[in-house]
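Heads up, the thing below is written out as structure tokens.
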Amino acid sequence: MKGPCEVQKNEDQEGEAAATGPQAETLEAERSWTADSHSALEAEGTHGLGERVMATLYLKSCRANSVVPVSCLLRQEGASELNLRHRGLGPQGVRALASVLTSNPYIKRLDLRDNGLCGAGAEALADVLRKNSIISDVDLSENQIGAAGLQAICTALALNPTVEKMQLQGNRLEEQAAQHLAALLLHHRGLKSLDLSYNQLNDLAGEILGPAVAENTGLTELNLSWNHLRGLGATAFARGLEANIFLKVLDISHNGFGDSGASAIGDALRVNNVLEELNMRNNRISVSGALKLGLGLQVNQTLRILIISKNPIRSDGCVGLLKSVRNNKSSALELLDVSDIQVSRECEDLASSMSEILPGLCIKRYTSRRKDWPQASTPSQPASAPSDSGL
């Protein structure tokens with residue numbers, strides 16, 4: 001079965017006959033916009049004139065690329081955000097869009113999620129990001145941009161410090177993309193937030209990204225949830241966290257860090273004095289990994305939120321984490337999420353007692369009780385709807 005990017009290539013080769021429909025719609029859109037713009041131009045003066053020039057340029061580019069214009073772009077009237085998600089633009093549509101985005105002085109946030117950009121569309125947009133000094137927030141999620149498209153985007157961002165937030169969820173990025181991401185982390189000091197969730201970054205990617213995270217000097221929020229980080233790659237990435245002095249929010253949930261990765265995270269927490277929020281939900285961490293993670297919690301003074309729910313750490317692991325926090329007089333922890341973990345009464349009692357010792361700490365727990373325990377001790381939340389928490 002062909003993917004959207006392969007289908008797009010075939011559609012681009014169908015010839016002029018297939019372009020007749022879009023051409024006609026483009027001309028109709030241009031006539032409609034021209035009629036509406038005259039009165040607006042009289043009211044807006046030179047500001048309206050600038051927008052009219054850009055709109056005219058966009059319409060011409062749409063005709064040249066045989067695509068139907070996006071009406072909301074023609075009527076944006078200096079809006080700071082352009083939301084075109086789920087529009088099916090494809091590479092040709094983005095090429096037409098690039099003509100106006102390059103010199104647009106208004107748009108700060110660009111949302112192109114789920115538009116089938118593929119590599120060619122990403123390359124066209126990269127030229128925009130290279131030249132535009134206004135756009136600071138970009139969402140390119142679910143576009144299958146691939147390694148080649150990512151390389152073009154990362155190269156452009158390295159030359160433009162204006163972009164502070166980039167979302168690249170669900171682009172099927174694999175280990176080949178890791179080297180481009182590492183280069184981005186090393187050379188783009190203006191980037192503050194990067195979302196790489198729902199991709200296919202694996203062990204090798206973790207080994208490449210770890211040193212880059214250690215050297216990064218700007219990123220404050222990183223989302224790597226729902227990837228394939230495990231084994232040596234997860235450990236290498238965790239070690240990179242030790243030297244990082246900027247990252248405040250890290251989401252590595254739904255990976256496979258396991259006990260070795262949890263141990264490395266624990267080591268990082270012993271020396272890292274910047275990280276504030278950490279999500280390790282569903283990472284195959286057992287009792288051993290939880291206890292080693294706890295060693296970091298015994299001395300860490302900055303972590304405010306730790307989510308370790310849905311890991312098989314059992315009661316012993318939960319008790320170990322709770323005792324580590326209790327024994328740290330300088331702990332900044334405000335939320336410890338150990339929900340969806342089967343625990344004993346000892347763990348429940350310890351968690352309850354800690355509310356008196358550390359009133360500022362919220363311990364989130366949904367406890368799957370053993371059948372032979374009294375019904376009266378069953379928590380109020382039903383077993384059929386366990387709590388699901390994320391950063």
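Cβ coordinates are placed from backbone N, Cα and C, and glycine is handled just like the others.
The compositional bias 'Basic and acidic residues' annotation in Swiss-Prot covers 28-38.
Among the features that Swiss-Prot reports, compositional bias 'Low complexity' is placed at 374-391.
Look at Swiss-Prot and you will find 1-38 (among others) tagged as region 'Disordered'.
What Swiss-Prot records for 371-391 (among others) is region 'Disordered'.
Long-range neighbours of the repeat 'LRR 1' (106-126) within the same chain, counting only residues 6 or more positions beyond its ends whose Cβ lies under 8 Å from a Cβ of the stretch, are 4-5, 8, 76, 78-91, 93-95, 98, 134-146, 148-150, 152-153, 155-156, 167. The repeat 'LRR 1' annotation in Swiss-Prot covers 106-126.
Per Swiss-Prot, the feature repeat 'LRR 2' maps to 134-154. The average per-residue pLDDT of the prediction over the repeat 'LRR 2' (134-154) is 97, rounded to a whole number.
Taken from Swiss-Prot, the feature repeat 'LRR 3' covers 162-182. Away from its own ends, the repeat 'LRR 3' (162-182) comes close to residues 113, 129, 132-147, 150-151, 153-155, 188, 190-202, 204-205, 208-209, 211-212 of its chain (Cβ-Cβ under 8 Å, at least six residues beyond either end).
Marked as repeat 'LRR 4' by Swiss-Prot: 190-211.
Positions annotated as repeat 'LRR 5' by Swiss-Prot: 218-239.
Residues annotated as repeat 'LRR 6' in Swiss-Prot: 246-259. Residues 197, 213, 216-231, 234, 237-238, 265, 274-286, 288-289, 292, 307, 390-391 of the same chain lie 6+ residues outside the repeat 'LRR 6' (246-259) yet bring a C-beta within less than 8 angstroms of a C-beta in it.
Residues annotated as repeat 'LRR 7' in Swiss-Prot: 274-294.
The repeat 'LRR 8' annotation in Swiss-Prot covers 302-323. Within the chain carrying the repeat 'LRR 8' (302-323), a Cβ under 8 angstroms from the stretch's Cβ atoms is held by residues 253, 269, 272-287, 289-291, 293-294, 331-344, 346-347, 350-351, 354, 363-365, 387, 389-391, all 6 or more beyond its ends.
Here Swiss-Prot flags 332-354 as repeat 'LRR 9'.
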Open item on the list: With Cβ-Cβ distances below 8 Å as the criterion, list the same-chain residues six or more beyond the ends of the repeat 'LRR 4' (190-211) that contact it, or say none.
Closed with: 141, 157, 161-175, 177-179, 181-182, 184, 218-240, 251
Open item on the list: What does the DSSP secondary structure composition of the repeat 'LRR 4' (190-211) look like, as residue counts for helix, strand and coil?
Closed with: 9 helix, 3 strand, 10 coil
Task: the repeat 'LRR 3' (162-182), counted residue by residue under DSSP: helix, strand, coil - done: 8 helix, 3 strand, 10 coil
